[in-house]
Amino acid sequence: MAGGITDTGELYSPYVGLVYMFNLIVGTGALTMPKAFATAGWLVSLVLLMFLGFMSYMTTTFVVEAMAAANAQLRWKRMEKRKEDDEDEDSSSGVSDSDVLLQDGYERAETRPILSVQRRGSANIFEITERVEMGQMASMFFNKVGVNLFYFCIIIYLYGDLAIYAAAVPVSLMQVTCSVTGNHSCSVGDSTKYNDTDKCWGPIRRIDAYRLYLAAFTLLLGPFTFFNVQKTKYLQIMTSLMRWIAFILMIILALIRISRGQAEGHPSMAQLSGIRNLFGVCVYSFMCQHSLPSLITPISKKKHVNKLVLLDYILILAFYSLLSFTAIYCFRNDTLMDMYTLNFTNCEIVSVAFIRYFLGLFPVFTISTNFPIIAVTLRNNWKTLFHREGGTYPWLVDRIVFPAITLIPPVLVAFCTHDLESLVGITGAYAGNGIQYLIPAFLAYCSRKDTQLVFGSGTVNKHLSPFRHSFWIVFVLIWGFSCFIFVTANIVLSESKL
């Protein structure tokens with residue numbers, strides 16, 4: 001999910017970075033993957049998961065390369081500024097270099113290869129020491145239209161994130177607390193299919209309970225959107241610990257049930273109708289590109305960072321496969337919940353009440369801590385998008401309008417639907433597609449052009465992606481645009497059948 005990893009300047013080892021990346025990628029979105037696996041078929045799901053993991057790794061290396069190029073340009077421009085200041089001081093004695101006769105320093109910075117910079121420190125010019133966020137890289141390498149499209153994509157993705165969060169917490173609370181039998185802890189994961197109009201408590205329907213929980217969630221966490229919040233290290237540790245306890249518990253419980261011969265799942269090999277949601281879920285579950293600057297910059301030794309990232313992706317792929325395969329063989333397709341943790345709130349599957357409640361309410365705790373962070377991030381992106389150099393916002397716009405346009409749309413979406421699989425699928429397939437594929441590919445292409453223009457064609461970025469041939473950039477762009485067309489056509493055809 002979106003959000004910073006560490007405070008600026010706090011360094012850690014490559015292996016700690018590996019753990020941080022694992023925790024960043026394997027978030028709450030993974031809980032929607034088992035149902036998507038069951039809907040699309042295990043063979044199709046496995047092949048698509050592996051392919052999308054490979055594509056995400058490729059674009060991750062593109063972002064790392066662009067970060068190195070951005071660091072090089074920032075470092076070089078500071079060197080140029082210092083050199084110009086030195087030349088100004090020496091101008092009274094008539095001392096000037098023959099290669100600095102251009103009047104416009106900015107024009108020189110954009111057109112002339114600076115060989116002196118390469119001689120002074122070519123080994124370190126591309127070292128990633130400053131955190132350059134994706135928005136700043138977009139401003140450095142894209143034109144005005146590209147920058148606006150970047151912020152549009154980021155904003156849509158964060159809106160999707162908030163809508164998923166706003167729906168997931170009330171869904172979990174509704175499923176755990178509502179029951180027509182009066183034994184709420186045993187009714188969630190059984191074979192009974194509930195409708196939104198079914199009774200929850202007395203005259204209160206399930207959909208009414210969901211909306212009451214949504215209102216409470218909005219009233220409790222919504223006000224944080226109007227202030228600045230910061231994720232603390234201890235909150236990270238607590239939520240990460242809870243997440244891993246929950247994931248490991250679910251895998252172990254499913255394996256125990258399968259080993260005892262109580263497995264009910266008979267997944268099909270392929271169901272093409274489920275690919276649309278599976279695609280969105282897989283894209284969403286490999287998302288980390290927007291947080292790479294916060295993650296990669298503090299790593300103390302970055303020499304083998306691409307190999308480290310590759311190892312992380314292999315481990316994440318294995319983990320997703322283990323979680324999804326144990327789920328689809330343990331439970332029947334029609335009983336798998338949008339939020340996989342809810343399958344373990346049935347007392348026939350888990351006899352210990354504490355574990356049932358812990359897994360059922362797990363998304364509530366972890367998502368509630370992330371919601372204010374994502375909301376403030378989205379609010380700040382809105383401010384950046386409309387910001388003009390030297391301008392300030394009126395108090396009403398700054399403190400009321402921007403937080404309101406951040407909070408209201410996702411809450412309205414969550415009010416209208418709590419179909420988490422579709423929310424994750426659409427967010428991943430559209431905005432996630434742009435952030436994970438298109439933006440990194442354009443960043444790699446534009447940063448390579450700028451690097452050659454500024455430093456000369458012979459300069460080699462020490463963090464150049466292993467996929468350095470331009471074919472890979474074209475391949476990613478074609479794949480990304482094809483995905484837009486495929487998902488849109490699939491949605492249109494599905495709606496027309498209805």
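Placement of Cβ uses the backbone N, Cα and C atoms for every residue, glycine included.
Where the annotation comes from TrEMBL, it is an automatic prediction and has not been curated.
Annotated features in TrEMBL:
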DOMAIN    20-67  domain 'Amino acid transporter transmembrane'
DOMAIN    135-479  domain 'Amino acid transporter transmembrane'
TRANSMEM  12-33  transmembrane segment
TRANSMEM  39-72  transmembrane segment
TRANSMEM  141-160  transmembrane segment
TRANSMEM  210-229  transmembrane segment
TRANSMEM  241-258  transmembrane segment
TRANSMEM  278-296  transmembrane segment
TRANSMEM  308-329  transmembrane segment
TRANSMEM  349-378  transmembrane segment
TRANSMEM  471-493  transmembrane segment
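When Cβ distances are compared across the two stretches, the transmembrane segment (241-258) makes no contact with the transmembrane segment (141-160), since fewer than 3 pairs at least 6 residues apart fall below 8 angstroms.
Counted over residue pairs separated by six or more positions, the transmembrane segment (12-33) shares at least 3 Cβ pairs under 8 angstroms with the transmembrane segment (278-296), which defines the two as touching.
Here the transmembrane segment (39-72) has Cβ contacts under 8 Å with residues 125-130, 132, 134, 136-137, 140-141, 267-275, 277-279, 282-283, 286-289, 292-293, 296-297, 305-306, 309-310, 313, 316-317, 320-321, 324-325, 328, 333, 421, 436-437, 440-441, 443-444, 447-448, 450-451, 455, 461-467, 472-473, 476, 479 of the same chain, all six or more residues outside its ends. Of the ranges 278-296, 349-378, 471-493, the one with the most Cβ pairs under 8 Å to the transmembrane segment (141-160) is 349-378.
For the domain 'Amino acid transporter transmembrane' (20-67), the number of residues in each DSSP class (helix H, G, I; strand E, B; coil) is 45 helix, 0 strand, 3 coil.
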